[in-house]
Amino acid sequence: MIIEKAKSYGFCFGVKRAVEIAEESQNAVTLGPLIHNPLEIERLAKNYNVKYVETIEDIDENVKRVIVRTHGIPKDKLQNLKEKNVEIIDATCPFVKKPQEIVEEMSKQGYDIVIFGDKNHPEIQGVMSYSVHNRVYVVLDPKELEGIRLKEHIATVAQTTRKINDYLKITNYLIQNYKEVRVFNTICNATFENQDAVRELAKKADIMIIIGGKNSSNTKQLYNIAKEFCEAYLVESEEELKKEWFEGKKHCGISAGASTPEWLVEKIISRIKELA
């Protein structure tokens, strides 16, 4: 069986930067998981004593340094963190900071804000918090906008890990129904590249293995694209692989989410070779 990796996959710039920051910040804690990959979080805790807490209240008084996760945190939480006697190390991805800045600036100019994304995702919770008013609407589908009467001046941004075609559905609806719509394409280039690469590979493979955290938005997007073209599975570790998946298969494609380290990809490929 041929095992082929997608042309573009795995650690993106923002995640690589955050992991390097964590490795250089031994004994620090992160506010929320640094990235959406439990095995990499486990490695950082084991090798560098960089652990995470869920809330500011959970930060022990002995902690000297706190790392802000790649997804960013809400503005009020950042302010609360500044009031504590700790050094703040900001590992927010620069591509995530961009929609934060846009939302802050456009809301100051009086624009209603439409955000394409998952309102429960930490990145979006952070982006929302930068609006200076409460006319902020987070949607995943244009139908969610039908019952809302927006002002005539609208600015829109997208979660960095979403599919561009889904964002276009939102922007097309807004342009058809409102006079002024400022569209900011805040979807990350790495997301585009990984999605294009998985689509290309899935078209010629008869099975795709997508590696990454089950709670990772960008990994789920890769899995959803892959399964449009062939049998596909999303796994976090080699223990989840099953021998029967590979029976009769001739071409196995591999891709991985932006928070998936290369050591994990190689570990899973080794296990596939044993099973196939």
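Heads up, the Cβ atoms here are built off N, Cα and C, so glycines get one too.
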Given that Swiss-Prot annotates C93, C188 as [4Fe-4S] cluster-binding, name the residue from C12, C252 that shares the site.
C12
Looking at the recorded positions listed here (C12, C93, E123), whose Cα lies nearest to that of H71 (dimethylallyl diphosphate binding site)?
E123
What kind of secondary structure is T160 ((2E)-4-hydroxy-3-methylbut-2-enyl diphosphate binding site) part of, going by DSSP in three states?
coil
Cβ atoms within 10 Å, counted per site: which of T160, S217, S259 has the most, among these binding-site residues?
S259
Reported as an integer number of Å, what is the Cα distance between S216 (dimethylallyl diphosphate binding site) and C93 ([4Fe-4S] cluster binding site)?
15
Starting from the [4Fe-4S] cluster site formed by C12, C93, C188, give every other residue of that chain whose CB sits within 8 Å of the mean position of their CB atoms, in sequence order.
F13, G14, V15, T70, F95, V96, T160, T161, A190, T191, A258
